[in-house]
Each structure stands twice: as structure tokens, then as C-alpha cells.
Amino acid sequence: MSPFAPLASGILLLLWLTAPSRACTCVPPHPQTAFCSSDLVIRAKFVGAPEFNQTASYKRYEIKMTKMFKGFNALGDAPDIRFIYTPAMESVCGYFHRSQNRSQEFLIAGQLWNGHLHITTCSFVAPWNSLSSAQRQGFTEIYAAGCEECTVFPCTSIPCKLQSDTHCLWTDQLLTGSDKGFQSRHLACMPREPGMCTWQSLRPRVA
């Protein structure tokens, strides 16, 4: 597991507990980072309006899961995920689902707490059809192979310096001002040899 995963989880929890007067801010992760740092990664449809708990501290969305990419062991004996939980207010990183299309599938990466799937506005949630073919391949079968040894290392300002040979420098934000650049949409940080990771293309090979 990436050494940054516990830190990321801690930051996420801190954001969750932040007072409502402070806005929630976060840097979108590379999709491989989202996969590796999440307990559950699924494809699902949002099929119900949000339901609020009695104190309105959190809400839940009913979903219909169509595919699981990660989390078989974490889920245990539970046959399915029917709800996603999130803070009720966007100011404390609550996720707000804007699409009204209940047949649209989404890639959802979240944390499993007390047997429930939790997400925030900082979580990786994206329409499945908005992902590149390389990203879909990554979530389906490739990203998992890089989780143990490799780390996507964000570079947001110059100078950038890798801290380990197992890091891949992610420069999309720096070069394009977007987290949806070429490295995010087409590359994965994968082991090349023991103790070394490099960017590898996930673009479909032409026969």
C-alpha cells in the first residue's frame, strides 16, 4: 500500500469533521491513487433521492451496483452495496449528486466504515462514460498491480523532485491546470523492475 494512503485518509477525515463555516477544499487525485487508497471501487447507478438522518448530519443515496472492481474482501459476507453515505452539507465535504439520469453509471471510489460505503466531495466519482478507455482498463484490471509498490506523486509547482524511485511524477496540474490531462487519462504508474516504477501507457495497442 502506498505510504500516502494513511495520510490521505487522515486528511479526508479531518475535512469531514471540519466546522461548517469552513469550505471543503481538496486536490483531485490521479485515478490510480483513488483506486489504491479506496476500500471499495464500484460501478453503480444512483437510483434514489438523498435521504437525511434525524440530525441531518449525513445523508445517503440509494444506488444499484453493477460491477465491483475492488473491495471483495472488505465487503465480507454482505451481498451488495445499496446505499452510499456522505456528510449532509457540502461545506463539510458532503457529496451532492447532480445528475438526474438514473440509468447513468458512475465509477465510485470510497471508504468502508462500519459496513457502509462513504464518499465525500473529495472522492473519485465520475460518469463511467466520461472515463477514457485507458482509465476504464485501469480500474478494471491494471491499477491494482501498482498499488503495493508504486506511488503517483503530484507536482503542482516548480521545482518538483521525486522522493523515491517508486514514485511517478504527476504533472498534469502543473502543465495543463487540470487533473484530467494526459497522464491521468492514459497512464498508470507501474513496477518496471524491483524498486523502480515508471509511467506506462494504457492506450489500446494497434494490431
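Counting begins at 1 with the first residue displayed.
Including glycine, each Cβ sits where the backbone N, Cα and C put it.
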Annotated range (Swiss-Prot: region 'Involved in metalloproteinase-binding') out of 24-27, 124-127, 168-171: 24-27
Per Swiss-Prot, the disulfide partner of Cys197, chosen from Cys147, Cys150, Cys155: Cys150
Alpha-carbon spacing, Cys168 (disulfide bond) to Cys197 (disulfide bond), which is rounded to whole Å: 7
Secondary structure tally of the region 'Involved in metalloproteinase-binding' (24-27) (DSSP, helix then strand then coil): 0 helix, 0 strand, 4 coil
Spatial neighbours of Cys147 (disulfide bond), counting only the disulfide-bonded residues Cys93, Cys122, Cys155 and Cα distances within 10 Å: none
